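The structure that follows is given in the form of structure tokens.
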2 protein chains.
Amino acid sequence: MDFPQRFGVIVIGGGHAGTEAALAAARMGVETLLLTHNIETLGQMSCNPAIGGIGKSHLVREIDALGGAMARATDQAGIQFRVLNARKGPAVRATRAQADRILYKAAIRHALENQPHLTLFQQAADDLIVEQDRCVGVVTSMGLRFHADAVVLTAGTFLGGVIHVGMENHQGGRAGDQPSNALARRLRELPFRVDRLKTGTPPRIDGRSVDFSVMEEQWGDSPTPVMSYLGRVEDHPRQVCCHVTHTNERTHEIIRSGFDRSPMFAGVIEGVGPRYCPSVEDKVNRYPDKTSHQVFVEPEGLNTHELYPNGISTSLPFDIQLAAVRSIRGFENAHITRPGYAIEYDFFNPQDLRHSLETKHMPGLFFAGQINGTTGYEEAGAQGMLAGLNAALMSQEKAPWTPRRDEAYLGVLVDDLITMGTREPYRMFTSRAEYRLLLREDNADLRLTEKGRELGLVDDERWAAYNDKREGMAREQTRLSATWVRPGTAEADQINALVDKPLPHEYNLLDLLKRPEIDYHALIGAVGLEPEAPPVVEQMEILAKYAGYIDRQEAEIARLRAAEHQRLPADFDFGQVQGLSNEVKQKLAEVHPETIGQAGRIPGVTPAAISLLLIYLKKHQHRAARQA
Amino acid sequence: MDFPQRFGVIVIGGGHAGTEAALAAARMGVETLLLTHNIETLGQMSCNPAIGGIGKSHLVREIDALGGAMARATDQAGIQFRVLNARKGPAVRATRAQADRILYKAAIRHALENQPHLTLFQQAADDLIVEQDRCVGVVTSMGLRFHADAVVLTAGTFLGGVIHVGMENHQGGRAGDQPSNALARRLRELPFRVDRLKTGTPPRIDGRSVDFSVMEEQWGDSPTPVMSYLGRVEDHPRQVCCHVTHTNERTHEIIRSGFDRSPMFAGVIEGVGPRYCPSVEDKVNRYPDKTSHQVFVEPEGLNTHELYPNGISTSLPFDIQLAAVRSIRGFENAHITRPGYAIEYDFFNPQDLRHSLETKHMPGLFFAGQINGTTGYEEAGAQGMLAGLNAALMSQEKAPWTPRRDEAYLGVLVDDLITMGTREPYRMFTSRAEYRLLLREDNADLRLTEKGRELGLVDDERWAAYNDKREGMAREQTRLSATWVRPGTAEADQINALVDKPLPHEYNLLDLLKRPEIDYHALIGAVGLEPEAPPVVEQMEILAKYAGYIDRQEAEIARLRAAEHQRLPADFDFGQVQGLSNEVKQKLAEVHPETIGQAGRIPGVTPAAISLLLIYLKKHQHRAARQA
Ligand SMILES: Cc1cc2nc3c(=O)[nH]c(=O)nc-3n(C[C@H](O)[C@H](O)[C@H](O)COP(=O)(O)OP(=O)(O)OC[C@H]3O[C@@H](n4cnc5c(N)ncnc54)[C@H](O)[C@@H]3O)c2cc1C
Ligand SMILES: Cc1cc2nc3c(=O)[nH]c(=O)nc-3n(C[C@H](O)[C@H](O)[C@H](O)COP(=O)(O)OP(=O)(O)OC[C@H]3O[C@@H](n4cnc5c(N)ncnc54)[C@H](O)[C@@H]3O)c2cc1C
């Protein structure tokens, strides 16, 4: 049957990509359907119970700035919060939270169930409805047909999923869940480039069988950070301790003794795994000289004894898993509750996507999350947000939107994927962003809230908080630049105590704040002023202290932006450009970038090559213009 | 590989039967392994979010008296509690609770994770290890071999599960879960009699799309009851309201219009469904004159909008489900979040079981729960308890134990199943118990705690509470029978106010309490005594008021017990017994009861027939004795 209501957007899959996609489209007022295998697994964390980390928390805060759920759910479910790289510059600073799995799922489900314009339906999507090459709906496993203007597919690791433990394997979407085989078969009939990737997870351990007393303790930070711009420490549940232990030479020996039965080394697994989240057998193999690797022992939640031993993801046979685990300090008597495993699944070449995450080959169909070759909840959530909002824009007959690389990690992520494709699961790092001093986790709200508001993604509460912060910053900027400290005054004496040499002449506070030795609160205290709200203070301080670098990056962006967006004609023949190496010509021909900016990001395409291209284009356009 | 540790008991399946079985065996100090598909679904309620009800709460309290988890989990998860049949006699009084699904699962998982001697392992059991016709272990889907003295199988609706919605069907263990096909195939190779049953569930509805204002409210009882003997009202979470609405003639018309696409009526489903939990199409079909059926609108939990519309279980096609739901008052704009469906699954003829729930054909293998042809969480939990404790007894090399029909509903349940078998999903009713005045929900603790303690199932806390109650009862019995009221005293005047005619002579309080008009508290108040604790008072009152009936049932039991256990020789030829009808002879030959008691419970075997049997046996034994 045809379902009586027509939707603006249908999202397939209730993982991290799917929930952000569905929430975003619905927030924009578009009638949205979220179709998922099992309402009980909405927002389920397939692997480690943690959100954030370097590069990743940047994405979480961008999702948050656009009104998404991930950061707020983390604040409600986080049982340990830490700021990573706290001593380094603000560009690479990142927040990471351990989450209680059950609380996290509950927070996500609560958000979904209470979102106006959003409808949930539990059932597998088995097919797409295609009319004149356009995707216009979805068919469920019981033959129910849902129609919509746009469809977002976020099937995660479920498409043709195969689970491996040693030489044994069976079909599954993740442990305990069925795979999506009907849909995978159908998608393979369509003109998408499909390949296989793999990812893995460690065995879980019963905490009652672990000796924590021989492990290092790791507590969360104090004061406790929050993840969302609207988060409060009071939202957090009880905070707990984590532990650290290590593999040793015996562990590595045991692991090596299982290499002949490793599905990865034996070639049973064809998919490539995540380079930056390698399995423990990978680490032992790649770094034969390392005698020890860290294992972070993370609780799976407040009300369970299950532990996640972060660092020993594996698909070795179970006997090796058990022996290896029990060779680790503190794990001598460990009981494994769930075996580690690897999963292989279908993903689609993201080079077949537009920046909006719409597929090039099938208008109306968007792809987001793990199926685009990424790994991680945050990468999935970010893509879900983008695909969801663009699907909603399509339903509203509006132009798509994607942030630029200098506006958001979201922009970097999508641009990387569609420009370069990926041969291994892609994860975010701060090093992937050229303008990372501008794309900080502390200013994601300043970068994106306004756009989010315009798109209809940002509610009044968030909008008010954003405006308060903006106004506070403007007010403070004025106040600090209008407040002068003159040598010889009592204020100057106080400030002289903070610096090497006494102030030689009068300065305003903004200039003083730029000095590394002078901290905002000391400065404000010295002149007897009341401090602004903490979010304002944070910005004032960063903007002052890093003003030089920030200005330089902004200037560079301005310079490049013109060229960046300069388009390359669809029929452009790179062979014609003189001076380019054959290798570069080949790469350009393969990717066929739409713009100079894209061209520049193809690995191996050097700045010199870009210059040659620009020169050629100038001539060429000139000629084209004359001919016209 | 062979798992290094050998277990006393392995339980397959973490549903209601499996969790009670595993907890029971572990409480008895036997090393126990619970092997289940998915740790996240431990204790999941597949269908309605409610525990208890008539006949069923009796089982729950018996499980509780033996130290089980179901009642305590209900106290921690129940969001509405009611006493059913409160105005009727204590035999049929029953407690029923709506439960928050997520809290219920959490409570069960908490009990499992914190039970000493119990080990959890997430993985499908694909095969049994059989040595010399004895079951000695289990093989998981990744080839891991666990060895044990005894194995309890509790696979619920998962064996060869097929899910039906209209003419569409697919394999599944329940919506969102994979079926157990490998194990089902394997079991069909073994000498068990396998057949198919089916059960169904209604569509779930988004509460935001429902108009509650036109429905009748239904609140829980006040004071709020508890389910466990150790339960306290303070254990309960927030209590909520339920609602009642009704189907109408239009609903029935819509349902009839789908009959030709009903998998049940079209013969696609072969399995027989539960007679007392019929689907709505069944009800409409069977009672064509009824113009309306009740629909209880039950919340699925505190933090979800999903509703369970109790009374409209269905496997009609989705278009009919949607139209039928929307024809119901208050549901005019209802959105269905999960379609209703029926599931067909393999069950084993329980006549192939011993009273201990060990299978006759394979020593060491026990069956419990839905796979024995029952329906309901409580029936499953009760069998799990029994199978678990008997598996543990086997591991301890002790004799099995099963309560008699006059000791517990547990005894009635098992005896019914193995004596009569079942052709449709069996559920418990008070009417199934001959001695239901003795088998009350209020005295399950008095009936079973002592045996539970002896078996090692009952912990110190429960044992102390039981002894307090027993001592209180003894004390009160003594006090009431030693306290006399003489006519003419102030006490007598007070009591005369409660009764029709003034007391003609002196009475002790126990005799006075037997009078229906005299309530314990009024009586105790009249003579200026302090009342005993409420559990003691409840017993004193019931024992006094129903003394006549209770004595009669006890006498009957004593009379029958001798004959009940009188054994029928294995080669007994029923054809020899003169006076038996051919029908009765045939039935007896078919079932071949082990005892006179069993013979008497075969439907159609009349008390007269039993008398003939007894007479024949007397002669026969006489002759046998003479011959020996
Ligand atoms: C074993 C394993 C190990 C992992 N290890 C890591 C790691 O080390 N590091 C890391 O960063 N990330 C890891 N991940 C990845 C992380 O889980 C994913 O990146 C993230 O969950 C992806 O989110 P998603 O929304 O794309 O997909 P998922 O979270 O997989 O969600 C997919 C959703 O779609 C639903 N669905 C699928 N098909 C259908 C259909 N046909 N119809 C209806 N619903 C459907 C599913 O039920 C599910 O709800 C691992 C994942 C797995 C399974
Ligand atoms: C659709 C539906 C409708 C129902 N309707 C009603 C109703 O109207 N009234 C009523 O009283 N009851 C109803 N029930 C029945 C009720 O759910 C069951 O009676 C009860 O859950 C049975 O408990 P159980 O422990 O026997 O099995 P289940 O609760 O089904 O649990 C079985 C467990 O075993 C696990 N398992 C199965 N196979 C394996 C394996 N090979 N290896 C490892 N683990 C395995 C499963 O994952 C699951 O955890 C319904 C059930 C379903 C599915």
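Along the chain as shown, residues are numbered 1 onward.
Glycine too: its Cβ is placed from the backbone N, Cα and C atoms.
Pulled from TrEMBL, these are the listed features:
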BINDING   B:GLY13, B:GLY14, B:GLY15, B:HIS16, B:ALA17, B:GLY18  FAD binding site
BINDING   B:273-287  NAD(+) binding site
Across all chains shown, how many C-beta atoms besides its own are within 10 angstroms of the C-beta of B:HIS16 (FAD binding site)?
31
Which entry in the list of binding-site residues, B:SER279, B:ASN285, has its Cβ near the fewest other Cβ atoms, using 10 Å as the limit?
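B:ASN285, out of the binding-site residues B:SER279, B:ASN285, has the fewest neighbouring Cβ atoms within 10 Å.
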Counting other CB atoms within 10 A of each CB, which of the binding-site residues B:ARG275, B:LYS283 comes out lowest?
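Per-residue Cβ counts within 10 Å for the binding-site residues B:ARG275, B:LYS283 bottom out at B:ARG275.
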Does DSSP give B:SER279 (NAD(+) binding site) helix, strand or coil?
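For B:SER279 (NAD(+) binding site) - judged by DSSP and reduced to three states - the answer is coil.
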Pop the Cα-Cα gap between B:CYS277 (NAD(+) binding site) and B:ALA17 (FAD binding site) into the table, whole Å please.
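Cα-Cα, rounded: 20 Å.
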Whole-number answer please: how many Å between the C-alpha atoms of B:GLY14 (FAD binding site) and B:GLY273 (NAD(+) binding site)?
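The separation of the Cα atoms works out to 23 Å.
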Determine, to the nearest whole angstrom, how far the Cα atom of B:GLU281 (NAD(+) binding site) is from the Cα atom of B:GLY13 (FAD binding site).
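Roughly 31 Å, rounded to the nearest whole number.
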Check the binding-site residues B:GLY13, B:GLY14, B:GLY273 for other C-beta atoms within 10 angstroms of each C-beta and report the one with the most.
B:GLY13
Around the FAD site recorded as B:GLY13, B:GLY14, B:GLY15, B:HIS16, B:ALA17, B:GLY18, what other same-chain residues have a C-beta within 8 angstroms of the site's C-beta center?
B:VAL11, B:THR19, B:GLU20, B:ALA21, B:THR36, B:THR154, B:GLY156, B:GLY369, B:ALA380, B:GLY384
For B:TYR287 (NAD(+) binding site) and B:GLY18 (FAD binding site), determine the Cα separation and express it in whole Å.
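Checking the Cα atoms of B:TYR287 (NAD(+) binding site) and B:GLY18 (FAD binding site) gives a distance of 37 Å.
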Quick one, of the binding-site residues B:ALA17, B:CYS277, which Cβ has the fewest other Cβ within 10 Å?
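B:CYS277, out of the binding-site residues B:ALA17, B:CYS277, has the fewest neighbouring Cβ atoms within 10 Å.
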I'd like to confirm something. Which of the binding-site residues, B:GLY13, B:HIS16, B:GLY18, has a Cα closest to the Cα of B:LYS283 (NAD(+) binding site)?
B:HIS16
Pick out which of the binding-site residues B:GLY15, B:GLU281, B:TYR287 has the most other Cβ atoms within 10 Å of its own Cβ.
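Neighbour-count leader: B:GLY15.
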Cα of B:GLY15 (FAD binding site) to Cα of B:SER279 (NAD(+) binding site): how many Å, rounded?
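On Cα coordinates alone, these residues lie 23 Å apart.
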Just to be sure I understand the contacts, which binding-site residues have a Cβ under 6 angstroms from any atom of ligand 2? Candidates are B:GLY13, B:GLY14, B:HIS16, B:ALA17, B:CYS277, B:LYS283.
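Close enough to ligand 2 are B:GLY13, B:GLY14, B:HIS16, B:ALA17, B:CYS277.
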What is the number of other Cβ atoms found within 10 Å of the Cβ of B:GLY18 (FAD binding site)?
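Cβ-Cβ neighbours of B:GLY18 (FAD binding site) within 10 Å number 30.
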